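Copied from Swiss-Prot, the annotated features are:
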SITE      84  site 'Important for activity'
BINDING   121-124, 130, 153-156, 273, 340, 344, 367-371, 388  FAD binding site
BINDING   244, 245  substrate binding site
């Protein structure tokens, strides 16, 4: 259904060459040190794989989300951290800014992304994860500025990202106007007064990107940096969720890439490992496991590419949800089954299989849990709304 064009095959080949020669050899080190791979990010930037979905008029390549997932899969297959960075530099916050921001806002963000920045999107809070609309971070209008107070949780890239897209409840004269989004820029190690990078949350997998708390203490943001105004059907929180569909497809593709890499490594082990005096590939039970894994991976790939190509500006919300559910759960199963081909040696830290299992585990949680996405899909099928409460402002006012 999605035979790649000659241009896409060339794009895939270039991505694979970079990923396998530069990122795969350092993937274990990135996992062990848990340090942000600055040198690899520079290589990614120099190859033109950051900001590639941005319009040509501002320095991007004008590539589609389908093009982007082709690249993301290759990066994630080599190194999960580089796969996630590729998503965030092409399919995350930058997509929302490109769609809803002013030309001036887009230039600020695009220039930094094209220079190698991975934007951070600040949504989740300690008590507002899947129920994101219950966020209590507030932005009070004071003249030409908004004063932001609150905290965010599990922010990918906290401490390394320059561009931050911060979502908060907007208050005008003390009245809740709904959720809006603001651009705030960190300059290297220097944060604007009031933006505090909190403690790092050490993760089970995909360890090369820091996940942190971020706190806002009277952070002052000019009104010109309000990129997603609150209220209205196509504004505020609704706009965010539409733009977020691309990030979900990207996250699912990272899971796919991790699983594809694990499968290929497991398949080689299946061919070369001997037990009971013969190759274990001769055992029908393992043959069927391999056949199922291959089928599941191909199905996930087709769902993700179908979702990436859907929609006029962003992937269709339901197609994105279905694709991410299936890809993430497939990745968890395939990585575990691939480890099984290795036996006890696959469980050891010197073997990449245990890293693949840990990396894949993230994706049934991050970017929308498998359960909340199922609720979303079911809600559309049954004509029901998500079970989100509407008392977010009551919590804000009580702070």
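Quick reminder: no glycine exception, Cβ is built from N, Cα and C everywhere.
Listed in sequence order, the residues of the same chain lying 6 or more apart from residue 245 (substrate binding site) and placing their CB within less than 8 Å of its CB are 307, 311, 314, 315, 316, 317, 320. Each of the binding-site residues 154, 244 was scored by the number of other CB atoms within 10 A of its CB, and the lowest score belongs to 154. Cα spacing between residue 370 (FAD binding site) and residue 244 (substrate binding site): 15 Å, rounded to the nearest whole number. Spatially close to residue 273 (FAD binding site) yet at least six residues away along the chain are 279, 280, 341, 342, 343, judged by Cβ distances under 8 angstroms.
The highest number of surrounding Cβ atoms within 10 Å, among the recorded positions 84, 124, is found at 84.
With the fewest other Cβ atoms inside 10 Å of its Cβ, the least crowded of the binding-site residues 121, 370 in this structure is 370.
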